[in-house]
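Each remark here refers to the structure printed beneath this line.
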Amino acid sequence: MARRWTNDLTRSDATPRSVYMNRRQLMAGLGGASLLGVAGRAHAQEELEPNSLEEITSYNNFYEFGTSKTDPKKYADQLTTEPWSIEVDGLVDNPGRFSMEDILSQFDIEERIYRMRCVEAWSMVIPWNGFELADLLSVAGVQDEAKFVAFQTLMRPEEMPGQQYPILEWPYVEGLRMDEAMHPLTIMATGIYGEPMPNQNGAPIRLVVPWKYGFKGIKSIVRITALAEQPPTTWALAAPGVYGFYANVNPNVDHPNWSQATERRVGGGLFSKRRDTLMFNGYEDEVASLYEGMDLTATENI
Ligand SMILES: Nc1nc2c(c(=O)[nH]1)N[C@H]1C(S)=C(S)[C@@H](COP(=O)(O)O)O[C@H]1N2
Ligand SMILES: [Mo]
């Protein structure tokens, strides 16, 4: 049976305007249009036309189920997602375990329509349901010395056959700097289109950071740890110098094997034209200040 929870916005409300004007942003005093940068605004209407559920669930990376983009849809059903809980530990005043039931009842689940962008230069627009990671971190009581947050995916090779092979170091791990983790655009997503998260998209709960490349969006999370030091991250371990800790979408830093200057929308059709990649995936107005003074083309900052 599908779980039910409250959404601030319903599908029929999901016009660009209602998305920009969600309650949290109003409380934060941000202007509606500020969700998009200047370049993004020009394409706002077009950019925020969500992909279909079919598109969103059929072309994914989830290496625990295979390395092909069609494997997650074929095989992720094997994963048992109930019961589920997330352990929160490290430099927090209230370490402990949140069950999915606690999470769904305790936090404000709302719809966020985000542009998403992957290293392979495909993009989608996804109507996530989720809550701000900052809300969970504030319940946990992050201590002053904590400067980073680490995330870990479930390790269960019986159900995640990819983990039986050394394709990546398992379990998949990711991390954010504390200010990135606390940013209101950073959400823990529990659903898509008002339905519980499809397994291939990271059921029952995954990270979404819309100004970063897709691999930062770690799926099926079982542990969140507050740390003083920058944690290791799976793709930076796999290919140091190619994938970095920050992984901000940046048209000026190419992947060694292809350009990141343009992108193609999944489902845009065979003749859809490539469009320019936007700095920070179009969220420049919101997040550029986090990186002031950093050279985002330097290898240590990619
Ligand atoms: N645990 C885990 N999370 C993961 C991955 C993975 O292989 N394992 N792949 C990442 C990559 S490379 C991308 S592009 C996104 C793709 O999935 P999505 O379209 O559902 O965001 O998931 C990310 N999260
Ligand atoms: Mo990716």
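In case you wondered, yes, glycine gets a Cβ from its N, Cα and C as well.
THR153 is the only one of THR80, THR81, THR153, THR186 that TrEMBL places in the Mo-molybdopterin site (with ASN60, TYR63, GLU64, CYS118, ASN201, ARG206, GLY217, ILE218, LYS219). Listed in sequence order, GLU64, PRO171, TYR172, VAL173, ILE218, LYS219, SER220, ILE221, VAL222 are the same-chain residues at least 6 apart in sequence whose CB falls under 8 Å from the CB of THR153 (Mo-molybdopterin binding site). Ligand 1 lies within reach of ASN60, ILE218 from the binding-site residues ASN60, ARG206, ILE218, judged by a C-beta closer than 6 angstroms to any of its atoms. When every Cα pair among ASN60, TYR63, GLU64, CYS118, THR153, ASN201, ARG206, GLY217, ILE218, LYS219 is compared, the largest distance found for this Mo-molybdopterin site is 19 Å. All chains included, 22 other C-beta atoms sit within 10 angstroms of the C-beta of ASN60 (Mo-molybdopterin binding site). DSSP gives ASN60 (Mo-molybdopterin binding site) a coil state; it is part of no helix or strand.
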